[in-house]
Amino acid sequence: MSKPHSEAGTAFIQTQQLHAAMADTFLEHMCRLDIDSPPITARNTGIICTIGPASRSVETLKEMIKSGMNVARLNFSHGTHEYHAETIKNVRTATESFASDPILYRPVAVALDTKGPEIRTGLIKGSGTAEVELKKGATLKITLDNAYMEKCDENILWLDYKNICKVVEVGSKIYVDDGLISLQVKQKGADFLLTEVENGGSLGSKKGVNLPGAAVDLPAVSEKDIQDLKFGVEQDVDMVFASFIRKASDVHEVRKVLGEKGKNIKIISKIENHEGVRRFDEILEASDGIMVARGDLGIEIPAEKVFLAQKMMIGRCNRAGKPVICATQMLESMIKKPRPTRAEGSGVANAVLDGADCIMLSGETAKGDYPLEAVRMQHLIAREAEAAMFHRKLFEELVRASSHSTDLMEAMAMGSVEASYKCLAAALIVLTESGRSAHQVARYRPRAPIIAVTRNPQTARQAHLYRGIFPVLCKDPVQEAWAEDVDLRVNFAMNVGKARGFFKKGDVVIVLTGWRPGSGFTNTMRVVPVP
């Protein structure tokens, strides 16, 4: 599938793990991996950073963008609308500070993460800060009686979910505070449960509750979510990470709230419980993408099965050509330490090898002591892992999995990626209005970066969701002659690629363009040497 280096002339060749990428078998591929081989020049995986107290200043955000942040995530489980509006303003100020040089400008997307249908405990002894100690083996009564809403203690605990007695059985487990405290149901009443404390500990007020295996019937979109989503539409966010999605109708509900004004906002469904995993296919069809939210998922399903769910979801998203994000505890120890554990390094690399389009940081950048180091570490790990992909096998399988179609763009995308392997192209340049052409090319996972040139700022920002797309925003005025306008944008991409070190004079690039103006007409492929 690859030509020997001697035949390739003096062109810059993406030699990174090339020997391994083009092996015949998986075992051979593993044997050929070489620690002295350089990493991929351009990182293909998107990096999503949660913005919080540790990272919301304009100065820190500028450094995070330089370090590799592509998407800024705002967690609406915390903070007021005023707080988030200020954060969004800071993200945009930091992004636009690079706008003076169109070659080096990096569009950064803003993502709104909804609170979703959570279950929470009441107040401990009427105070938000009070705590009680739950002893292992003790009996704890769970009640729905509102008289105890602010009077919880070590003997009785109020929950805000009225149907809990209908959805749990005797023997069911109830987890509180991210699984730190576990209870087992011993007896059921009409409006109470008697439980035994299996894992004790210190319990504070208003803690999250998980009911693994239970079919929780809370509304997919709460009143708070509706207000938050409307706020997101006003603020022109690029994507919504919808929490606790359990079925396709939940996604439709989010879409309905976003309305006509928010119709271009991408909806990424977070899979966080057993029902979401079970009904994954219908959720995938209704969504623009998926997030593997390993935090709650690791409580809702056994911890040892999380990797299975991750691989299954990433595989199905890759097959469907939809973006997938791997999230939670990616570099958790970097909240307090400047270097990750070896397991975390492997975890991030394996998410990339599995096929994740984006990797996410949560507390590491929101409240950690080393937000910039965490971004840089993900950047370095992702580049190494991308070089180590078994590209030959992956491409063959993606082609086999794609159905026969009269969609011209599908054939163009497949052909251009195959050509990029054959001629060891340094990059693929795609001119795109809606982003669809670039998304289709990304689906076939080329080794080389896809430089997507667009004049639409939102298309550029949302393209970060897809593996391999390096979006660039062309601000030059549209030329009257179509051919001249095409040349202008291709030359702009060439200049960006050279400035970024993706290729140099004499290298080969694949150029995908349309034969006439407008969206949906990409049908011309050229193999071009870099001037």
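Cβ coordinates come from backbone N, Cα and C, glycine included.
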Taking Asn70, Asn146, Asn155 as the options, which does Swiss-Prot list with Arg106, His464 at the L-serine site?
Asn70
Listed in Swiss-Prot for the ATP site shared with Asn75, Phe76, Ser77, His78, Lys207, one of Arg32, Arg120, Arg246:
Arg120
Going by the substrate site in Swiss-Prot, where Arg73, Lys270, Gly295, Asp296 are listed, which of the candidates Thr41, Thr45, Thr328 is also part of it?
Thr328
Calculate the distance in Å between the alpha carbons (Cα) of Thr432 (beta-D-fructose 1,6-bisphosphate binding site) and Lys475 (N6-acetyllysine), and round it to a whole number.
14
Around the L-serine site recorded as Asn70, Arg106, His464, what other same-chain residues have a C-beta within 8 angstroms of the site's C-beta center?
Gly46, Ile47, Met69, Val71, Pro107, Val108, Ala109, Arg461, Pro471
Compare the Cα of Lys66 (N6-succinyllysine) against each of the binding-site residues Phe76, Ser77, Arg120 and report the nearest.
Phe76
Just counting, how many other CB atoms are there within 10 A of the CB of Phe76 (ATP binding site)?
23
Residues near Thr114 (K(+) binding site) in space but at least six apart in sequence (CB under 8 A):
Phe76, Val221, Asp225, Asp228, Leu229, Val240, Phe241, Ala242, Ser243, Val254
